[in-house]
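So that you can see what the record holds, here are the features copied from Swiss-Prot:
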BINDING   45-52, 67-69, 97-101  GTP binding site
DOMAIN    35-277  domain 'GB1/RHD3-type G'
REGION    1-310  region 'GTPase domain (Globular)'
REGION    311-638  region 'Interaction with the CYBA-CYBB complex'
REGION    590-638  region 'C-terminal tail'
């Protein structure tokens, strides 16, 4: 499990340097160490509106993000504070405090727009902080929302049906939370009490009228409702009436703060801790700290090069890095587990291959967990190839350990025989039979040696081969035997040697068969796990489409109630297209199976070792694999 990050205070994540947004290497290093999923809360708003105070509260500290006490904006760029999530185990809460919008000292007014867009792209909960009330002026100050269609793209290429790219924003935008500070109104509408959320809902209702001023005023309202999947509101009383204390509110004791403000702050923090979502990308891909760091770099590279930050492009860059790391992680897992579970030499090759199958299954699962968007299975092919080579290395280590052990045991068992040969003990009448008995005793004792491993017969055969010339010499010098008896003995020795050779050949053929069957099982496992992953990805895709549809239907109903026919018709067209997309995806013949077979074929043949890459053999194995997939209970290769 990833260790928790304990930062004593925030660090700068991005800053504007000479007209370029630059990422801080220290912040990237911190993010790269976070392998847990992250909940990212970003706060944006006009300078000197108390954004930093709320973020410090979320961090559980009075101080951290600089509050400042003058009309000058204190926070520059985007600052980051990573803390263990207080209510989601094994998650990290990342707080992003942003440079105050509208600071007149800024040389580049576009900087505000990019900070706003980055906060949207990086967060799972986007907090907009303002003062007073949500009125016409407050909505005008939120004009940055209307610029998002120019600053963010979902797809790298325009859609062929000419549908606005922004129609997909809701599938990856964060939840929108409006915090209203120093709120002095009563929460009432037409004389009836209303909730904070109802207050925001009413403020975001479109205004009737055709003139450009009204239409411009409606833009932020319309796009907050369209782009952000959920809207939430919190209002806060003034924290303290004493102006001097207010200037240093971070140093004021809790019991000196307004009781309503304390309760409102607690409610806000509680909501964030329990409802702020884990950061995800399209199709439910979880974002870790490491992935967030890569996203920051990718988005800033796009901005600084004059391009528009694009989610699809960012995910492609992320996939390349993460999938490569997933291959390494899976391969390391395989090596570690094999090293822990295998004791060399194994009694049989099958024993080693059985452990290999278990470790390989786990390694593939590791790869599937950490990889995404491996469309052509490029990285899965690399994993297959890597594990095939590692398996061959373990097979070789097993053979070497067996050979070394067996040779040592035979040397020990044959010491007396060697000494007797040197002393000429067997070069006497009847010496051949004495020699045969001594050799047989060595073979019998060798048979009783435990865990000799896969090279046991081969090493024995090599030993027996080394005795052929000696035995022939002893036989010929044995005067107790007639010429006929010597001929029969020589023939018997050759027959036994031939039988041993045949037995050794059969063992090698059996081991080749076991290796082939292990490869077949290996690729069945790859295909089975790939199939499950593709099905999960398809489910996530369908879930995403249905969530988009549900959100758009909700907005459509509201527009119908409010009587905005033009916007209603435009959104209705979007909804109809989305329904068609969902219907097409649901009715689509599950082509997953055929895709898997195609992929399996290319992976399987590409990873076959040496001579097995011959076309006939490769096609035979592929055919066997496909048949087995279609007939899971039937044994194909025999």
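Every residue gets a Cβ built from N, Cα and C, even glycine.
Over the region 'Interaction with the CYBA-CYBB complex' (311-638), the average per-residue pLDDT in this prediction is 84.
In the three-state DSSP reading, residue 100 (GTP binding site) counts as coil. In this view, residue 100 (GTP binding site) is surrounded by 24 other Cβ atoms within 10 Å of its Cβ, with every protein chain counted.
Looking at 45, 47, 51, 98, the binding-site residues in this record, the fewest other C-beta atoms within 10 angstroms of the C-beta turn up around 47.
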